[in-house]
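Q: Quick one: this structure, given as structure tokens, is what I'll be asking you about.
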Protein chains: 2
Amino acid sequence: MFENKERTDINELGEFGLIKHLTSHFEIKNDQSVKGIGDDAAVLDAQGKQILISTDLLLEGIHFDLAYVPLVHLGYKAVQVNLSDIYAMNGVASQITVSLGLSSKFPLEAVEEIYKGIELACKKYNIDVIGGDTSSSKQGLVISITSIGYVDADKVVYRNGAQENDLLCVSGDLGGAYLGLQILEREKLIYLENPQVQPDLEGKDYIIERQLKPEARRDIVALLADMDIKPTSMIDVSDGLASEILHLATQSDKGITIYEEKIPLDPMTYETARELGLDPTVCALSGGEDYELLFTISQEDYKKLKHDVDITVIGHVTDKNSGCKMISKSEKVHELKAQGWNAFKK
Amino acid sequence: MFENKERTDINELGEFGLIKHLTSHFEIKNDQSVKGIGDDAAVLDAQGKQILISTDLLLEGIHFDLAYVPLVHLGYKAVQVNLSDIYAMNGVASQITVSLGLSSKFPLEAVEEIYKGIELACKKYNIDVIGGDTSSSKQGLVISITSIGYVDADKVVYRNGAQENDLLCVSGDLGGAYLGLQILEREKLIYLENPQVQPDLEGKDYIIERQLKPEARRDIVALLADMDIKPTSMIDVSDGLASEILHLATQSDKGITIYEEKIPLDPMTYETARELGLDPTVCALSGGEDYELLFTISQEDYKKLKHDVDITVIGHVTDKNSGCKMISKSEKVHELKAQGWNAFKK
């Protein structure tokens, strides 16, 4: 990957030198960040708000494949995936810690690429990198990010607050990230068979971007606050719509019914699914990695958001005994099952 | 390792099932923990204090060797290593998140052993497990822990506050963890050559325990508060005394002089070093992993702690130009260099 480029051995810098090299130009932007990198721990001031903490572990060969994921995108996505959890609590993310395990095949330039992506995401989302750990790895690349956010105590939205007759809403569109992955996997196989063939990604830019460079929906949290809507429950779509619906329903002790025709699909998602012989609805239900927000609102709040093109009402909350189901376009009733992405099945 | 015992495949549980199985009996003990495991993020309330965040990444083959580290000890140590960073800021640790990457060779019973150690440490130190991530790993075992602590804004102790003429103090004794590791490495080699030979760890219990089951010095933070001492600077000894002294001196823009004869060594540490042909002082200076607290206090505070047997004054802070040095037992002056444990040199 870096054969023809400059290669600087990480060992020349040592652990402290490497962290300094990678992070010394990062500026602290949030006034909750009292002390960032450089001591035993970071120091934060919540200024009276509640603190949200979320953490993710990303492992080479399980969560990403360096054969087709550019390192700068990997860094960017690793941050987004984590921020998404903070937004799913209705909070504002302000800090992350970044830990990297680097195999010896990684020159300094490769680590700089990862950090370039991290920095890009942090700039765009106003996030301070306040700590982390860097180590060599005898295995593949390991990325562990912890994100920290803030929210007023009365504004936290949990998964368990959905009430009967609430409306189920989702931001953006679904299934694109999964189909982007299918295209990347297909091109990788073609490349492995014949390295002369250039990857054919033409006309697939949107779904490839959904896979490689997802955007956590901070804007939706801000939009809901502007509309004076506090969702009754919320979760981010990381494992697929069906799996997330089951989480909201189970934790709220309710049932949820959705309508297939309401599920928002981008035309490129739809066409690519058809092209690959896949059911677009199944891609949305089980694909995952869309990082959209799925939330329930009370019926009174419907009028506040009904004209927003970026939020779609796809169903409603029912009593527990009705279970979780989808009414298909042909008006058949399907029970929803979690067949989402499961790191243990890969 | 688990050949003759019961083996349950982790895949049977799935990711959510595994987390639930491992953590459902954990009780939330701290009232800052508003919401623990089970939502997109944990919710904490700092109750007016400042928040301390520290994170560590532990990788098989780099930070630990499963050939001689029992899994229960590994879980215990992973927590201690992290808490130590919170105490080094003069804070009280209250929560951790735990992320595990598990290779397929690990049955459920092995993961339970790791969690048994984590739970033991959390019980003893009054820590809530509030989140985490669990995934399969194509590589070895990956452990990433983030710890969260609290401290009054005016009680935070940084590395950069040491003043000229301050006294340099260290808790407990040094070098033991490193010599414990040497003994374990020796016995591993003997075992690899001849698996019939039982490991000979007799009379080495203290230093083996220092390596396998270190205790973060929460008690020292409490003791200093009881004595009404706020250190001017503090760090924990993870990389070896010399490296930590250089951190305090560099960040405080001062020099530090220590006296070899003052460095606290346990008799077993001393004897084992001699037995292995090592210099006991070098083991303390460069060994690392002792997780003692190294701190500076103003001279006025000396009378408050001079009778405490668990704290030793080993030197003092000088002007920057004097640099960092050790006066040997034979009154020779040695410049201190960081030759501490460096994950990139292994």
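Heads up, the Cβ atoms here are built off N, Cα and C, so glycines get one too.
Annotations in TrEMBL come from automatic prediction, not curation.
The Mg(2+) 1 binding site annotation in TrEMBL covers B:T55, B:D56, B:D133. What TrEMBL lists as substrate binding site is B:H63, B:E289, B:W341. Residues annotated as Mg(2+) 5 binding site in TrEMBL: B:D239. Summarising the annotation, TrEMBL assigns domain 'PurM-like N-terminal' to B:38-151. Feature annotation from TrEMBL assigns domain 'PurM-like C-terminal' to B:207-321.
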Q: Write out the long-range same-chain contacts of B:T55 (Mg(2+) 1 binding site), meaning residues 6 or more apart in sequence whose Cβ is under 8 Å from its Cβ.
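A: Sequence-distant Cβ neighbours: B:N82, B:S144, B:I145, B:T146, B:S147.
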Q: Output, ordered by sequence, the same-chain residues six or more apart from B:D133 (Mg(2+) 1 binding site) with a CB under 8 Å from its CB, or 'none'.
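A: Spatial neighbours, sequence-distant, of B:D133 (Mg(2+) 1 binding site): B:T97, B:S99, B:L100.
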Q: What's the number of neighbouring CB atoms sitting within 10 A of the CB on B:D239 (Mg(2+) 5 binding site)?
A: 24
Q: Whole-number Å distance between the CA of B:H63 (substrate binding site) and the CA of B:D239 (Mg(2+) 5 binding site)?
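A: Cα-Cα, rounded: 12 Å.
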Q: Starting from the Cβ of B:D56 (Mg(2+) 1 binding site), draw a 10 Å sphere and report how many other Cβ atoms land inside it.
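A: Its Cβ has 23 other Cβ atoms within 10 Å.
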Q: Take the C-alpha atoms of the residue listed as 'Mg(2+) 5 binding site' and B:D56 (Mg(2+) 1 binding site) and report the distance between them in angstrom, rounded.
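A: One finds 14 Å between the Cα atoms of these residues.
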Q: Write out how many residues of the domain 'PurM-like C-terminal' (B:207-321) are helix, how many strand and how many coil, based on DSSP.
A: 55 helix, 22 strand, 38 coil
Q: Fill in the CA-CA distance, B:D56 (Mg(2+) 1 binding site) to B:E289 (substrate binding site), as an integer in Å.
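A: B:D56 (Mg(2+) 1 binding site) to B:E289 (substrate binding site), Cα-Cα distance: 14 Å.
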Q: Taking the domain 'PurM-like N-terminal' (B:38-151) alone, what is its mean pLDDT?
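A: Averaged over the domain 'PurM-like N-terminal' (B:38-151), the predicted model reaches a pLDDT of 94.
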Q: Ten-angstrom check, please: count other Cβ atoms within 10 Å of the Cβ of B:E289 (substrate binding site), all chains counted.
A: 22
